[in-house]
């Protein structure tokens, strides 16, 4: 395997990356390219699917140029992606009929709210494991079909295809030969029955979405198809692994046993627990989702999605201009001299799990004349840890499983202050991955298993490289006192409902 490699495409919310891994899981190349974000109206977030495709092609080329590795040295390709983001395109031309509607976008909130008002929320939860929310793909499909002239009729004639970003990239790489998704991405559409492992006819009928639009659903580690040689520099390479970003990170963290938990601190923060081979429906607003399907078995997960994590640090940098580099936030937090009396609730786009309150807005509590820039930065960092505790406590309640430690990754987990505070406020060990790119590594592992690059899960476990471990230093009394303050801050935030009149 010395001259063979696995290539992973990691298509995120703000940028695309291509990473090439060797057999030991080492990065041999890492190419990244950002692409534009579109905000047509307040609360709307869209992407141009062709710009994403061009970014993918660009990063593949740059990864080969940077490393000197040849396309014919790639044994398999893994794809991981921002989940829920919805693309609808013309089957013949391959052209999207509208921008991709991004997972963060709230433009379909009215559709989701109407489903709940009409009493369908519980049925949808029982079948899909999800709460009824604009976050997921189903309402986005309905919205596009409603807002593009003639789209519903074209869909009913079988002229249109739907896909999340994994499906779109697979279709493009194979030049339209393969229209598939995987268990993990399908389970985030709000259209997939996670018990029967099939698209749910009742929900499709409810939303008037033609089944002909939908991709075939396959396991996460299998050969789906091959690249067209003209898209991959003369080589036809198997595309053999696929998973939504958070499930890929779970796999990349080698969390193969029930009860193992990972937390990824990206734009949002996503806590995922492997719950084994039976779906465990949450009574407390967590999402039940498919972790991955491999070797003829399907493994389920509980997930808590926090909408604002790393983006809160970006807000401090770009919106508030409190520092120039995100890395400066750590030194500021350490320099803060206050007693943690300031709380920032970063509900910029509502609150995610376990509250699912789309109407909440960001707030700050506990400031005095003596509050400093450093105090404000520290409180914002702490909000990431408090939100994660909200989810972890709920996860314990739902699963009945004690959580002795958490494996963490993602950009904000680089912040030692945040990771120590996370350990303190949870009272458990935090294990930070040595390589924070576990999402791409998970996609690579899935792809490599399908083509024999790695033999089995035991073979993968040999590649685990522990990073830094953070252990709690805070007393139980202090921990619970601080967390009580956070709970009060969230409750007060949710009470504030006033919105100024829109100027015409």
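Including glycine, each Cβ sits where the backbone N, Cα and C put it.
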Residue from 13, 14, 16 that Swiss-Prot also lists as binding sn-glycerol 3-phosphate with 83, 84, 135, 245: 13
Closest of 231, 411, 415 to residue 83 (sn-glycerol 3-phosphate binding site), Cα positions, recorded positions only: 411
Nearest of the recorded positions (135, 231, 245) to residue 14 (ATP binding site) - Cα to Cα: 245
Close in space, distant in sequence - residue 310 (ATP binding site), Cβ under 8 Å, 6 or more apart: 265, 266, 267, 268, 269, 326, 410, 411, 412
Using Cα positions only, nearest of the recorded positions to residue 84 (sn-glycerol 3-phosphate binding site) (15, 231, 246): 246
Annotated ADP contacts 13, 17, 267, 310, 411, 415, maximal Cα-Cα distance (Å, integer): 22
Integer Å distance between the CA atoms belonging to residue 245 (sn-glycerol 3-phosphate binding site) and residue 15 (ATP binding site): 13
